[in-house]
């Protein structure tokens, strides 16, 4: 079918595919060229295949479209279809096909239409529908009461479940009703105030007013109103948070606030919120609780805005390496979700204490922050109180409360004792409740709390219990719970009544006391044995009052210190301790007393024996001042005099071993030193003997008639030449001794910066004779850069000497060329020294033990087994470096020593 040029031009202006076809066969007789732009096919390809149109309809739409075309065509009226077609590149393209039948004699004889691309429209609709569904889901699921009111007449357009729950209405009683008919305003002045604010600002943000629920109870709410478009109309979205409980607590009893505040104030856990991205302060403290202040000795004002490095034991240099490590740690924290590690903190007064730190990343608004929970692990028994204490403050900030809520180790349940469908229904619980009982949160929520009881509790008993709980305010009692797997375990339950949204609920905190009960039973068993054991204990057990006076002592005091018990009762404990140690003793006592109940201090000090001698005693003081059965500090004291003497003897033996090793190394150098001195010394002696002979010849020639002055001059010249040669060989000895003296001064000096290559050269010079005796070449490869190290030069020489001597010994049995190479290089700011030999290598069975003290494979007299153990300690301990070894049996061994920059 040909098309006139003008018509063709007009068809190009149509934003779609123009087509014509047979209504019976649905075969097209004309398709405009627009098909190529929209589907990638030419009009010729379409018309060449009679079933092209049907074949390219999306399989999911084909049957529907064909049925609709046949049915609509028979009606002989224009109609529209929407369907997808498959393009050449596989895309599914949505079309809206507007079809017009050409009717003759009441029957359609031709069909014509325009196919418009609506793919983008369809995608936009899908996105809008998705957004609408998500809005509805979010709106319905929001825990905050929300409603939508039409602006022009105040008609209620929508409310969520939280709104209905808060005000006690049914949805059908609200929707479509004017808001004024619901009689929500408890105070008309509030309504006028809200109207004025809307008229002035167009919105309301977090304004308090009072509303009346359906049942007549008046609620305090915090509300915000924002203009929104809903269903194509101007509306107001308002959100209400029930603050009735908070207002009632502030105005009347301060009940809930005091409970949570007490939990927070007694917690030993410090909670710190950090901003790792703060531009002005590195890892800035943006919030903290009272425990953080008390634990570290600062006020809250002193901590806020400071870097968390303030608490680290040593100053932090914010160089590139430190910042890179911080970024790596933050990325690791994001990936893992949380970390836990131990560290040291420094208080404001400079004292150090160990902490267990748990960190996690949190997002508040658009800020990524790091939440840190620090636990003073020296006071672990106070950890629970610290965690409870933290809740009071964190409750004021909902997001922070949620984070702390999930980290509490005790199980927390919120129970509805008035639920109509389930007896004492669990309405909320934390993660610890799930973990402790073996259920998921979904399995617990909505179930009766009796699910956990070992024995069912009658309903009447529960009602009486609730009435008593209202009177008492707080109950604490032990019970047994059953886990999902059937295991029964003991718990301590703390219950209190709380108000939430005008609803009375029961808050339960369950603590697994399995370990506590075991400890209690063990304590009970030990208590029955205490009296029979304490008097027969080899340790001295004493009790001091707050002033440090002895109020109790066991009879072992007589055996260890010679005093009768009656002699020390009522006496100050310091009277029996060495005056030089008073400051440390007073500090330890103060730490124990100030640390509170259960605080422990440990010290070793001298006690005066009745015979006038001093005995070393190790004692542990425990704070039992608040224990009514003790009322004092309990000291367990043990005589460690013999142990201390044994430790000192052991230390002396170790020092002697180290001296022996140094002497062994000195002995290995003796042969080389002797050779280097004896060779020129022998030449000097020969010259001196010759000089003596010439002097004797000269003396004998004096006055001889046959000896002329020329003969005397010749003898004098020979004598002078001989003495000059003797002077040269003597100078060689002096130069060698001066070199050795300089080397000795370096090895005897303290910590300093030194030239490692120079010391290595001097050390190899001293070992040259030993190497020649083993037919081994000594090579020194110098670095292009200066090699400066910091430490004691003597220790460096000891390391190098031991490694080179071992390498020479390893080469003695080698078949290949014998060579020991010492090389230096600087890598990434660190100095690496390598000692490489072509010896026999180290066997796989020996390699793991080479650094063990007293382990050696050498013959008797050639090694002590201390060399490698000592140099390992020197490298890692003194220089703070590392030592590694690579070996191949039969080929040789390389020791690599890395010194930090």
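Keep in mind that glycine also has a Cβ here, set from the backbone N, Cα and C atoms.
Caution: TrEMBL annotation is automatic and unverified by curators.
Per TrEMBL, the feature domain 'PAS' maps to 3-70 (among others).
The residues of the domain 'PAC' (79-130), classed with DSSP into helix (H, G, I), strand (E, B) and coil, number 12 helix, 32 strand, 8 coil. Taken from TrEMBL, the feature domain 'PAC' applies to 79-130 (among others).
Among the features that TrEMBL reports, domain 'PAS' is placed at 153-198 (among others).
Residues annotated as domain 'PAC' in TrEMBL: 205-255 (among others). For the domain 'PAC' (205-255), the number of residues in each DSSP class (helix H, G, I; strand E, B; coil) is 11 helix, 31 strand, 9 coil.
Annotation source TrEMBL lists domain 'PAS' at 256-314 (among others).
What TrEMBL lists as domain 'PAC' is 339-389 (among others).
Look at TrEMBL and you will find 397-454 (among others) tagged as domain 'PAS'.
Per DSSP, the domain 'PAC' (475-525) is made up of 12 helix, 31 strand, 8 coil. Under the heading domain 'PAC', TrEMBL lists 475-525 (among others).
Residue counts for the domain 'PAS' (526-596) under DSSP, helix first, then strand, then coil, are 39 helix, 12 strand, 20 coil. Here TrEMBL flags 526-596 (among others) as domain 'PAS'.
Residues or ranges marked as domain 'PAC' by TrEMBL: 601-652 (among others).
Within the model, the domain 'Histidine kinase' (672-901) shows a mean pLDDT value of 77, rounded to a whole number. Annotation comment: TrEMBL describes 672-901 as domain 'Histidine kinase'.
Counting Cβ pairs closer than 8 Å to the domain 'PAS' (153-198), the top stretch among 205-255, 397-454, 526-596, 601-652 is 205-255. Touching of the domain 'PAC' (205-255) and the domain 'PAS' (3-70) is ruled out by the presence of fewer than three CB pairs under 8 A, sequence neighbours closer than 6 excluded. Within the domain 'PAS' (153-198), the DSSP-based counts of helix, strand and coil residues read 25 helix, 7 strand, 14 coil.
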